[in-house]
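Here Swiss-Prot flags Arg39, Arg45 as NADP(+) binding site, drawing on sequence analysis. Annotation source Swiss-Prot lists FMN binding site at Arg119, Ser120, Ser121, Gln213, Ala214, Gly258, Lys273, Pro274, Ile275, Pro276, Thr277, Arg299.
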Amino acid sequence: MRYITAGESHGEALIAVIEGLPSNLLIDEEFINKELKRRQGGYGRGGRMAIEEDKVHVLSGIRNGKTIGSPLTLEIINKDYENWKNKKTPEVTRPRPGHADLAGAIKYNQRDLRNILERSSARETAARVAVGSVAKLLLKELDIYVKSKVLEIGGVKAEEKWRRTIDEAKSKGDTLGGIIEIVIEGVPVGLGSHVQWDRKLDALLAYHVMSVQAIKAVEIGLGFEAARKPGSLVHDEIYYDEERGFYRKTNNAGGIEGGISNGSPIVIKAAMKPIPTLLKPLTSIDINTKEEVKAAYERSDVTAVEAAACVLEAVCAWVIADECLKKFGGDSIEELKKNYDAYLVYVKNF
């Protein structure tokens, strides 16, 4: 499978086109809309979330609620577009440290930074959540589920202190990042491969996780902690039971060994940096005058860690769904499930 997204933050709509879905997959629009609503939630979000009410509209690829094998096109209307379509906006010439503004302007020869920030905005992730929701619907057919939880916000692990931490940052005109854990349950042994670097499952997951705006680090299993311990305390010993088959009592590998899923839950941690748009802007340089200035301010969140958790679920669901289709094949959901069930029997009898 593959997908692309299109659209700008304050454009008329966001679009996603998914190619390669099997036919007869039920597209539950209510579920997709619930996922989109999750992305809009979380304490510390900005004023944009009071404007938008993200809903998916399927433009192509289904009949009677099910996929038909052709490209699936999803649309999400930007309600804020109505506030911008006739508005003459001044050029943005003061790049924000930590954002794509300056590097993007130089790369694409743009003197108005809005031409960069409109697409680089995390608003694009609404389209990816819609795509990931479709992937989740496919995985549900195989009893595979993706979930997440926020572990830290602004370096604070205690959930009951997060609101106060966010409020303090807001009062200072600052922003906060955090750490998110994603767990994928029900993944069979055998997704990914050791035979080529670009087929390794952990590499694919890390690539997609790092593609999400503001994500700066990723760990799988013990991650960096594995580098601090001897091998005897890191590697998961292997056991066998007639009912369970091969299994491990620990999961330091995070469900992946040698680039291949090993049947344990896949565990990923991702670090999100603070949002680059600060109410009290940092020092920058005006690209036209070359004078020292304060960076531009765009309406933004104090933190979006909880929203990012939903986005990370989506991109991880996409990777696992795509790998399932690569391994088990099937032009229809029925064929995919038949192949998958046969594989599970093979694994049980290995």
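Backbone N, Cα and C define each Cβ position, glycine as well.
Candidate binding-site residues: Arg39, Arg45, Arg119, Lys273. Fewest other C-beta atoms within 10 angstroms, Lys273.
Counting only same-chain residues six or more apart in sequence, the Cβ atoms lying under 8 angstroms from the Cβ of Ser121 (FMN binding site) belong to Glu8, Ser9, Gln213. Take the CB of Thr277 (FMN binding site) and look out to 10 A: across all protein chains shown you find 21 other CB atoms. Residue pair Arg45 (NADP(+) binding site) / Lys273 (FMN binding site) shows a Cα separation of 15 Å.
Secondary structure at Arg119 (FMN binding site), taken from DSSP and collapsed to helix, strand or coil, is helix. Cβ neighbour count for Ala214 (FMN binding site): 22 (other Cβ atoms within 10 Å of its Cβ, all protein chains included). On a Cα basis, Arg39 (NADP(+) binding site) lies 17 Å away from Lys273 (FMN binding site). Mapped onto three states, the DSSP output places Ala214 (FMN binding site) in coil. Spacing of Arg119 (FMN binding site) relative to Arg39 (NADP(+) binding site) is 18 Å (Cα to Cα, whole number).
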